[in-house]
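Residues annotated as Mg(2+) binding site in Swiss-Prot, with similarity to another entry given as evidence: D464, D470, E473, E474. Sequence annotations record features per position, and here Swiss-Prot assigns domain 'tRNA-binding' to 40-162. The domain 'B5' feature in Swiss-Prot is assigned to 412-486.
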Amino acid sequence: MLISKKTLAVLIPEITHVSNNEICEKLQQIGIEVEAIRAFKNPDYLQLGILRAVTPHPHDNHLYVCQVQIDKNKQLNVVTGAVNIVDPNNLNKHVIVAKKGAELLNGLIIKTKNIKGIISDGMLCSYVDINPFSKHLIADGDDTHAIVLDNINRDEFGDYLSFLNLDDVVFEVTLPTNRSDLQSLIFLAKELAAVLKRPVFLEQKTTMTLREFYRFPLNLRNRAQANFFGGLFLRDVAITSSPWTTKGLLINQELRPVNCFVDQANMVTVYTGQPIHCHDADKIHGSVELKLATQLETMLALDNKEYEIKPGDLVVADEQGTIAIVGIIGSKRTMVDNTTNNIFFEVVNYNHERIKQTAQRLGVANFASRLMSKPISLQATENCLNYLQNNFLNPESIGKISKFSSTIKAPAFNRKIYLNFNQLRELIGVTKKQLNDHMIRNYLTSLGFKMENQIARAPAYRQDITVWQDISEELLKILDLNKIKEDEILSSTKLEKHEKLNAYDALQKLRTKLQTLGFHNVITYQLISPERARNFNLFGLSNLWEIKNPLSNERSVLRVGLIDSLLRVIQKNAAYKNKLGNIFEFSFVKTKDSNQLHIAALWLEKMFGSTYQKDQGVSVDIPAMKGLAQLIISNFGFNCDFEPITEGEYFTKNVGLKLVVFNEQIGYVGLIKDELLAPYDLKGRPVYGLEINLDRLLNSLNRLERSYTPISKLQDVFKDITFSFPRDESHFETFVKAIKKLQTIFKWELISVFDTEKDGVPITKYTVRYYLKNFTNTPLTLEQIKAVETQLKQQCELAKIALDL
């Protein structure tokens, strides 16, 4: 879901003075997860100007020469091909001009040019020139027409952003799965205003007397099957284009402007969460009814596609056939266009499961179907009708707008819930001083509850409130759980810093090394969808943690790998046209069986590359990835061995390796299979990935084992042993495994290492001192010492370790 700050400001005017970060915090406080914040990148050298004169180009019938005033005493000569400029009604209105030196977001640099004998000092901008990333949302004609703005102060020559609502900020959010009511910006604003402690303005009920001037033929025989079926009728309309302020708001929320009436209806849907179908009333034949389709039928829709209607689909139909697939899309036959004189605004509230099934079968996921595929309350429908009516109520429309075609009775509140305030405080973990009875009543009232002493009645649209424990979650929204003082947790397993064994320092050094190499450290969500959890599960982890009441399916389980999350970061940045780079992340991977620290990295761009010298930099390939893996592992004082992956689920055949330390597999590195990159919009682009389980390395550094034994009065007994390996086959860990098998040796230390030759073969000699454990209070005998020495030699011989006897 997209939330426009400017749209929200209609309901919470003071939100314009609230920082974006605070809005994010408060949205998260009421359970709404903020995925991203979108803000427009403003090109330099663009400004408002006034169109003073337009003449045909003397040498080209498709071009025009414009005089554009950009200051009180300065005009520019601009050649344009925008045909709407020749309309005499546009003279002395404001346009947006790109001056010499401007670099538009599509890469075009504006220069002074001689265009067929006429000097042009700039360019008149269309919306696509300014915001090319929204080209697919531009209304017909607006992609080539120069922007012409009405009702601007005649001396205004400055910033143009506010007149297109490009100074807006849009929050990309995910709603809790049990809060479909928050699809309505009205209900969302009420909760957000409560936690922001700002006034909110929501009510829009008309007090004007409206007449039933037009008996629109609605057949209500099937109305009982719907929560509501009806709408409004508007007559004698003049279809025009919406002002750019309205178009800008719609585009910001990824809705395509159409015309002034359809655009207003779409804005009402944004506020209320209730979709509206707009029909040209004069193109409707006979009566209109809501029904379940009984036979196969095709409908040419507003998007110029044909859709197959099957028995059981919910439709609105006239006597000639279907005019809308409810909650999904309308028919082109009754489309509102420039010839329309009378409009019927159709509103339906019906079982969302049936609409969801039809939308999935048809493969439609548009604005209307996303809303109607979830429950919509009668309060949202009632708000829709009121907002729709008020949007068109003005002196010119009196006598043109009808009453509601059908009555709607939406209860204001839900069932009664009896509250014990002390129980609430105990459940939340606060004192009466922190949350007294008066505060509880005020908080719940600000969230829309009706309070009668210790009885709370939730708003009827709050279907998620069923028991008194649910009320505690509402209070936490206002209290802000993050500000409640924490209780100290006493633990006997506190992390201790040791002067020699400090894993934190090792991780910090590794982070610095990777950042020096140009890798960006990112932090991604631990919670993902069950489907995504199966992606790139390199270590085959199972027994996942599941969230009981997740905000959404997208945040319902704890992940078991990091590469999927990193690929999502690349995908998101690519969608925003940001420059891509190499990234890495440290994060714990948790299952019900384990909790281990991983590092993952994606390498897809040249290291130390240059924009000016394309050949400069370190290209990514498997040797480079081996070097990266070795750098990470050597940071903890270990060496890494590599074993090939001949057939793998995730990496391209023969371009993947297992990472092995002390004969233990700790990670993978390789070229990610191309077909796996398709869901991330990276298919066809080589992406190398790496993921390492750092837990073993960190445990080796951080584990501090203590044993407490009485101080012995006996002298330590120790012996030395010398052994060797061929220099190229030195495996000291083989000796470590051998000596650990002897319970009679309680510690050992390496006292010398040197390289030499034996029979002309280079070897490495090791000398180890080992200490014998005394199980009695008497000195060890020579026989006991000799027995331990013999046992150690036997273990070495079994391990094929050459001893120096």
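A Cβ is built for glycine as well, from the same backbone N, Cα and C atoms used for every other residue.
For the recorded Mg(2+) site, residues D464, D470, E473, E474 set the reference point as the centre of their Cβ atoms, and the other residues of that chain within 8 Å of it by Cβ are R462, I465, Q469, I471, S472. For the binding-site residues D464, D470, E473, E474, the greatest number of Cβ atoms within 10 Å around a candidate Cβ is found at E474. Look at the domain 'B5' (412-486): DSSP puts its residues at 33 helix, 14 strand, 28 coil. Look at the domain 'tRNA-binding' (40-162): DSSP puts its residues at 19 helix, 45 strand, 59 coil. When pLDDT values are averaged over the domain 'tRNA-binding' (40-162), the model yields 88.
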